[in-house]
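Per TrEMBL, domain 'Radical SAM core' is recorded for 38-266. Feature annotation from TrEMBL assigns [4Fe-4S] cluster binding site to C53, C57, C60. The [2Fe-2S] cluster binding site annotation in TrEMBL covers C97, C129, C189, R261. Residues or ranges marked as region 'Disordered' in TrEMBL: 314-365. For 347-365, the entry in TrEMBL reads compositional bias 'Basic and acidic residues'.
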Amino acid sequence: MATRHNWTKEEILEIYNKPLMELLYEAATVHRKHHDPNTVQVSTLLSIKTGGCPEDCGYCPQAARYHTDIEGNDLMSVNHVKAQALRAKSAGSSRVCMGAAWRNVKDGPEFDNVLEMVRTINKLDMEVCCTLGMLTENQAQRLAEAGLYAYNHNLDTSEEYYKEVISTRGFEDRLETIDNVRKTNVTVCSGGIIGMGEKEEDRAGMLVALSTLNPQPESVPINALVPVEGTPMEEQAPVSIWEMVRMVATTRIIMPETQVRLSAGRTQMSREGQAMCFFAGANSIFAGDKLLTTPNPDVSEDMQMFKALGLNPQKPFTKKSKPETVEASESKYNSLGEKPKWSRPGHTIERNVITEEKQKAKAKA
Ligand code: SF4
């Protein structure tokens, strides 16, 4: 069956709510048609600039306004990043994903350093992904020219529920950045988080937004919220394994070619639970003991699990060939110093405001 780009919320909900055994069977069948079921891609997430973010994402301990216990750091050096990438490669990772807690990319020395990091990792024969916030077309072109393989920009949730999570930017900004990335040869990684208090309709709404993109994202991370103390979502109840399995299986059915990634929340899942997700079509994980700032299983634990399940890590550039790297001195793009007007809806999200006030008072005391 050809990939469909016209899924409706109702159809997706119908799939999501099928009897579990039928859902698993259908998802596993789609999975086998499009992927090797015994191969799982392994990515390492590296926080190259942690904390101090001006945004108000209700789930994120890196938002400066929530004063959580995370240790912030300035942009890492290129050498530090190279050392971490080599470590990840020797542990079996095929991709390094570099995350910076920025609202959007700003032209200048820091972005130039990120471009150098991209060149350095691509030359190590690893896939390079970045998640740096909103991006203009020129910035996307410059990343592509440096050898970027993928750009991550999550939609997080449905357009409707987005307004209950973030007030400092709009859903349409996310789509615009994805569109800018699509104008290059960089692949798109975009997914979301479940367990933020959203309804099943919102989960389906997010999947509508992702699956109706044409082409669909090459990778879709499915995160389970890790509630962090000090954030507005600190008291959210954990999602059950059944919800995770249903979400993975539904994603697999409606986006057959995509690599579905088990992301945040894996520490709360048993190996059996993760195995069920792999059966349901997950074929990518984040490895390493930290996912930006939240805990994640150790790489050696993951490799033991792979051995027990007979899974093999995917080799780099299996799905798409290695991009060329153009050196900075030979770049055909100039830094434009653009200041795009990304939106600032600024509506009130009660739990975000209450948390901010609470944290302010705590800091004063
Ligand atoms: S999720 Fe990203 S944009 Fe939102 S507060 Fe955290 S670091 Fe900033």
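Any Cβ shown, glycine's included, is placed from N, Cα and C.
Bear in mind that TrEMBL entries carry predicted annotations, made automatically and left uncurated.
With the fewest other C-beta atoms within 10 Å around its C-beta, C53 stands out among the binding-site residues C53, C97, C129, C189. Packing against the compositional bias 'Basic and acidic residues' (347-365) from elsewhere in the chain are residues 56, 58, 65-67, 163-167, 230-234: each is 6 or more residues past its ends and has a CB under 8 Å from a CB in it. Sequence-distant neighbours of R261 ([2Fe-2S] cluster binding site) (same chain, 6+ residues apart, CB-CB distance under 8 A): Q41, S43, C189, G191, S219, V220, P221, I222, A282, S284, I285, F286.
With a cut-off of 8 Å between CB atoms and residues at least 6 apart in sequence, the same chain places C53, Y66, T231 near C60 ([4Fe-4S] cluster binding site), listed in sequence order. Proximity of the binding-site residues C53, C57, C60, R261 to ligand 1, judged by a Cβ distance under 6 angstroms to any of its atoms, singles out C53, C57, C60 in sequence order. Calculated from their C-alpha atoms, the gap between C97 ([2Fe-2S] cluster binding site) and C57 ([4Fe-4S] cluster binding site) amounts to 20 Å.
The number of other Cβ atoms within 10 Å of the Cβ belonging to C57 ([4Fe-4S] cluster binding site), over all protein chains shown, comes to 23. DSSP labels the residues of the region 'Disordered' (314-365) in these numbers: 18 helix, 0 strand, 34 coil. Within 8 Å of the centroid of the Cβ atoms of C97, C129, C189, R261, where the record puts [2Fe-2S] cluster, the same chain has further Cβ atoms from S43, L45, R95, T131, A150, N152, S219, P221, S284, F286. Calculated from their C-alpha atoms, the gap between C57 ([4Fe-4S] cluster binding site) and C129 ([2Fe-2S] cluster binding site) amounts to 21 Å. DSSP assigns C189 ([2Fe-2S] cluster binding site) to a strand.
Secondary structure at C129 ([2Fe-2S] cluster binding site), taken from DSSP and collapsed to helix, strand or coil, is strand. In the three-state DSSP reading, C97 ([2Fe-2S] cluster binding site) counts as strand. The Cβ centroid of C53, C57, C60 marks the [4Fe-4S] cluster site; residues of that chain outside this set whose Cβ lies within 8 Å of it are E55, D56, Y59, P61, Q62, A63, A101, given in sequence order.
The DSSP secondary structure for C57 ([4Fe-4S] cluster binding site) is coil.
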